[in-house]
Amino acid sequence: MPSLPVLVVHGGAGHIPKDRAQISCAGVREAARVGYACLQAGGSAMDAVTEAVTNLENNPAYNAGRGSVLTQHGTVEMDAIVMDGRTLASGAVSAVRRIANPVQLARLVMEKTSHLCLTAEGASHFARAMGVPEVPEESLITEYARMRWRKNLDPDANPVQCMMMGGETPSAPVDTHDTEGKIGTVGAVAVDAQGNIACATSTGGMLNKMEGRVGDTACIGCGAYADNHVGAVSPTGHGEAIMKVTLSRLILFYMEQGKSAQEAADQGLAYMKDRVQGLGGVVVVDPRGDWAARFTSAQMAWAAAQGDQLHYGLYVGEHFTQPITDPKGP
């Protein structure tokens, strides 16, 4: 039975190598516990999703914050967004550099400005004005990210360069997460005890992307959407495909038509796959606390905290449950 509060997180959809599967699953369980503890202590849904995503940004296993993938030129540019379902207020940053926790900066955009998104140098100027410290770019780059950047410098292995050379959209669904594993975009959705809903998403973007590229994450309705009357969505996958179908708002539209969270998620992902050959995944929640974690990619690490139980999985159809106080898992 659905109950409140509830929080659901994801660690990105794609192909996750066996040697990284365990750390990916452990990380989303930890983030779910962190966010849920905030809810249990009386925190708001916005507080909870911010805490959960901050935890994932600090974990080098994910493509967000520390661990972000690199641009063509070997730099880190990150996107993040938050949205408050009570007021429809939102804040985002795009192509931001040298910030440890872009999701926290996105929340400041929502709370301290009249804008919805700040980008690149503008976001950096705002961060300095808010007293958010810059960190050395090297502190955000892992050896794993650098290895994959070097490996993908060959244009034949670089989807961005291939597109620049005039490549057409492939006829088969594409998962742009490379075969070495891109544990991608991270995100969270939550409903607090008062029934307020929020979501947050953060990412380092696409591997070897052009500098200045902005994906779905920072775009309201694409990389996130929350509305107390309907629910919340945080997606992961091929950003350009998600933007083309405005995936987050599309799923909430299906929910407005009477679909459950799971049905709406499946319908939205199926439409994206059929219409623009895009693969990905989502976490979804509705005002009653009904939730879903669905994906069309090979894997997606996810975890949900509700009642006294922690739910989690990695493969399609996989659903483990354990007491939320139990730190161990398979």
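Here the Cβ of each residue, glycine as well, is placed from N, Cα and C on the backbone.
Pulled from TrEMBL, these are the features on record:
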{"type": "ACT_SITE", "residues": "THR185", "note": "active site, nucleophile"}
{"type": "BINDING", "residues": "ARG213, VAL214, GLY215, ASP216, THR236, GLY237, HIS238, GLY239", "note": "substrate binding site"}
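Between the CA atoms of GLY239 (substrate binding site) and THR185 (active site, nucleophile) there is a gap of 10 Å. Each residue contributes its Cα atom, and for HIS238 (substrate binding site) and the residue listed as 'active site, nucleophile' those atoms are 10 Å apart. Neighbour density around each Cβ, counted as other Cβ atoms within 10 Å, peaks among the binding-site residues GLY237, GLY239 at GLY237. Listed in sequence order, ASP79, SER94, ALA95, THR119 are the same-chain residues six or more apart from VAL214 (substrate binding site) with CB atoms under 8 A from its CB. For the recorded positions given as THR185, ARG213, THR236, HIS238, the lowest number of other CB atoms within 10 Å of the residue's CB is seen at ARG213. Around the Cβ of ASP216 (substrate binding site), the same chain contributes CYS222, GLY223, PRO235, GLY239, GLU240, ILE242, MET243, LEU247, each under 8 angstroms and 6 or more positions distant in sequence.
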